[in-house]
Structure formats: structure tokens, C-alpha cells
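Reading through the C-alpha cells given below for one structure.
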């Protein structure tokens, strides 16, 4: 029973992380594509490095490293790799919790800072091709218009503005995606700890 449980946990965790490794590869590849083609341009001129391509490259790289540790740790039944996988997931989870608390505490200041940066970006729409590309791509992709709506544009809103913005739907979808991500992180940590304990029990039973 112990050996069968070990095998089941091992392969579940392996395929679970293999799927995430492929997702990380796709995210990294998409980020590199956006970085090369610069489809989304620059939205915040005071933070020129904060582009969608750079963000996706960082996120994709982190996912690939963590998922690789999970894959190798599970298939090799290596306790060191499994604990490294667990610790990395724990660090990411704690960072997300701390970030969420900071966002909640400094919500008003952050909203003002972001709104100011976005409004400055809107004013550059007709004079900067990179800014124009960023706003057109984002408004078409997210089906939104400006920061607060069509009133943000001094003249007529650009053609990329949808007739019926879907900001609330997008925010709700983002919330659901984040909750699902947290659930999968906790699930991965649970699998890693359980498999680690099962390896110990099996080793003791076999007298190793």
C-alpha cells in the first residue's frame, strides 16, 4: 500500500508540474515574441522597463524553474529537490500575500500614482508611436477605453476603444484567475510535503 501510494503521488506531482512547465515555456515564448515585436509598446514612461513582454519573460522563467524542480524531485524521489520546490512555492505565496496586503494598505496612493502615469501616457498618444501602439493593443485586448472611460480622451476616443467596455468582467476574471493560482500553489505544496513524508515512510519500511 505504501509503494502504490508513493507511485501515485509521484506521477500525479510529476504530470502536474510537467503541465506547468509547458505553460511556463509558452509564457516565456510569448514574452520574447512581444519583446521582439514590441506589440504593446510602452505604457508608463516613468517605468520604461515595465512592459508586458518583460513581465511575461520573468513570470515564465520563474514558472519553468519551479516546475522543473517539482518534476525532477517527484520522478527521482529526491527529497532535496522536493523541499526546494516546496520552499520556492512558499516564498512565492508569501510574496503574493505581502503584496496583496501592501496593495490594500496603500490602495489610494497606488491608484493615484497609476492613474497619473496612465493619464500622462494618454496625453502622449498622438505624439509617441510606442504609446499609441500600447494603448491600441491594450484597449483591443482588454476591451476597455482609457482609464475611466471615453471621457479620458480630450477629443474623440481612438478607434481601438470598444463601444461597450468590459472592465468589470475583466477584473472579475483576473480575480478568479488569481484565486485559482493560489489554490494550485497550495495544492502543489501539499503534494510535495505528502510525497516527501511518503518517501520517508517507505524508506523506513524497507529498512533504508
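Just so you know, the numbers here start at 1 and follow the chain as drawn.
Positions of Cβ are set from backbone N, Cα and C atoms, glycine also.
The transmembrane segment annotation in TrEMBL covers 12-36 (among others).
Per TrEMBL, the feature transmembrane segment maps to 48-69 (among others).
Non-local neighbours of the transmembrane segment (81-106) in the same chain are 17, 62, 65-66, 69-70, 72-74, 182, 185-186, 188-189, 192-193, 195-196, 199; each lies 6+ residues outside the stretch with a CB under 8 Å from one of its CB atoms. Residues or ranges marked as transmembrane segment by TrEMBL: 81-106 (among others).
Residues or ranges marked as disulfide bond in TrEMBL: 145-161.
If you look up TrEMBL, you'll see 169-193 (among others) marked as transmembrane segment.
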Other parts of the chain folded back onto the transmembrane segment (12-36), taken as Cβ under 8 Å at six or more residues beyond its ends: 51-64, 66-68, 70-71, 73-75, 85, 187-188, 191-192, 195
Sequence-distant neighbours of residue 161 (disulfide bond) in its chain (C-beta under 8 A, six or more apart): 139, 145, 146, 150, 153
Cβ atoms near residue 145 (disulfide bond) (within 10 Å, other residues, all chains): 22
